[in-house]
């Protein structure tokens, strides 16, 4: 499971993707009924990019909690959100959310020192997160690879089955040890007494900082998930949204996994010196680098993620021969 600390695809493809059909019991009919109800006023939908048949093939043994309909609903609703994060100085932030359907902008956060001269005289760093660009950033091949990379990490994080089968993703909602609190001092997103922030959902969101930051961007209220982290265990749509948040959002010195897989991240000289380079291996570094990276190519958990990625590429009918899949020689980030 992840041990990450701190706050912090959709192309319209009309041709069917080449993928193996896998039966999944009666879940297909139930998903279809739910999805039809959810797609009212949701056009276009991510279902144009990923069919239920394909979703079933990626996760044939998934828990009933993780429905195709809940994934599509999460992606479609998140696509309405665009975030602008402006950082002045090292610790002074402004976060603005745009709800596209209403063309409405809301300041989610503006630190008290925002307008002070010692802050405004320094150059600002701006990050824009458009959740509608999830697997919708570039050409069809790039978008497919991003989805495969996302699902490969999801598969590893939530697997519960036989090694090297790669058919056991989305079989866990929480990490194994739910006695741990995963609380870290954070003035912006403080833990609520008595609440636990252990890994939950498709990418096992962990720590109060991540719960609070995700809650702020997704719901416009940092306290929603800080006060009710269990929501990610009760509501699959919320769980998938939290995974999308983590995938799409740069944090600290780390780029977003989305920017890595779509070729938008360019390594700095320091990154290059520390072995960091674009490719699937960099997504592992972002998600769980402290435990899995710079430990050689024999690291089992890293190899499992790579196995999922290569297996899922085959299901999608694409290849990534220059994937830079390993993070065995990459230095992890300090946080």
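Yeah, the Cβs are placed from backbone N, Cα and C, and that goes for glycine too.
No curator has checked TrEMBL annotations; they are predicted automatically.
Record features, source TrEMBL:
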SIGNAL    1-25  signal peptide
DOMAIN    126-320  domain 'Glycoside hydrolase family 19 catalytic'
ACT_SITE  157  active site, proton donor
DISULFID  293-325  disulfide bond
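Residue with the densest Cβ environment among the disulfide-bonded residues 293, 325: 293, by other Cβ atoms within 10 Å. In the three-state DSSP classification, residue 157 (active site, proton donor) falls within a helix. The CA atom of residue 293 (disulfide bond) is located 16 Å away from the CA atom of the residue listed as 'active site, proton donor'. A Cα-Cα distance of 17 Å separates the residue listed as 'active site, proton donor' from residue 325 (disulfide bond). Taking the domain 'Glycoside hydrolase family 19 catalytic' (126-320) as a whole, pLDDT averages 98 in the prediction.
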